[in-house]
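J.: Below is one structure. I have some questions about it.
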């Protein structure tokens, strides 16, 4: 009833098209903007059922050959919507589709497109016993294999943002020969592997995220989720009488400069601002921040002996990856700080390019208007150069 009243008031106050997109899923947003979108379902080796989206440009009739496949992978507590959340001329997913690429929008276990399993129920604790380790080991390879099987290509370009880059660094270093064959190029937006220098709000997290046990007592095994009620309520309010308030809430949680976001898209931003993940995954990020090193999940000495056969958790080695990798990072990013990025760059064998951007924040890489003519233009130039090789 409350939502209905707010929506009626919002319709009178403000008729922004963005209010409609606040209620839509990824394919709904794509189709509304005139693009073709298919929802594909795949099953990971350990039984999680993921939905990913296949996006093609407006002129594609299903018979023409598309360009090389590009898989876009979102960040922590996000979804595939991130890549198409702005207008077509401002969203990387749409821009790539317009260039003729065969665009795929990835998702991971625990978010709105990864809430099913062949045996486990999302209400079961067992469903939520995962971190970015499992996403890297199972989710990413399953998506890559599905895309290549469907497109009949032998390799694809991988674009990751934040956690999406971490999945790439882990997966491609743990399976170097497989990745060398399957991944033509890796483009890391706001690259994450080391977080020891993360600043301010992010650094505070290390004091309570290091261990998953008591976090699960406070939050349960599931850490946040996007509910239909909140999505509808947020979309209605932010399209109408509380638009300015919503913008301030958004800026409180994300260190954006206000000029880098599109204020007319606030209903969509707020409706999709967080998505689900496991509390254990958040704890794993806390461990990375606290230790400054990149290791598997730390269960404590006895737990580590049980899981790994050693007291300390094994270390990941990004240097083992053979995939050509390009780095894109911002000077104002409090999550991926330059010192941590440089440490990762030094460990990378096959560097395609290193691109540093002034006044770019973390979430700008997917939601900001200030990256379209800089980051996205550079990325598409790099893709073009790799595609003709």
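Cβ coordinates are placed from backbone N, Cα and C, and glycine is handled just like the others.
Not my notes, these are from TrEMBL:
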{"type": "DOMAIN", "residues": "31-86", "note": "domain 'Partial AB-hydrolase lipase'"}
{"type": "ACT_SITE", "residues": "162", "note": "active site, nucleophile"}
{"type": "ACT_SITE", "residues": "333", "note": "active site, charge relay system"}
{"type": "ACT_SITE", "residues": "362", "note": "active site, charge relay system"}
J.: Any idea what the Cα distance is from residue 362 (active site, charge relay system) over to residue 333 (active site, charge relay system), rounded to a whole Å?
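T.: About 5 Å separates the two Cα atoms.
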J.: How big is the gap, in Å, between the Cα of residue 333 (active site, charge relay system) and that of residue 162 (active site, nucleophile), rounded to a whole number?
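T.: Roughly 11 Å, rounded to the nearest whole number.
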J.: Which number gives the other C-beta atoms within 10 angstroms of the C-beta of the residue listed as 'active site, nucleophile', all protein chains shown included?
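T.: Other Cβ atoms found within 10 Å: 26.
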J.: Let me know the model's mean pLDDT on the domain 'Partial AB-hydrolase lipase' (31-86).
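T.: Within the domain 'Partial AB-hydrolase lipase' (31-86), the model's average pLDDT equals 91.
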J.: Look up residue 333 (active site, charge relay system) in the DSSP assignment and reduce it to helix, strand or coil.
T.: coil
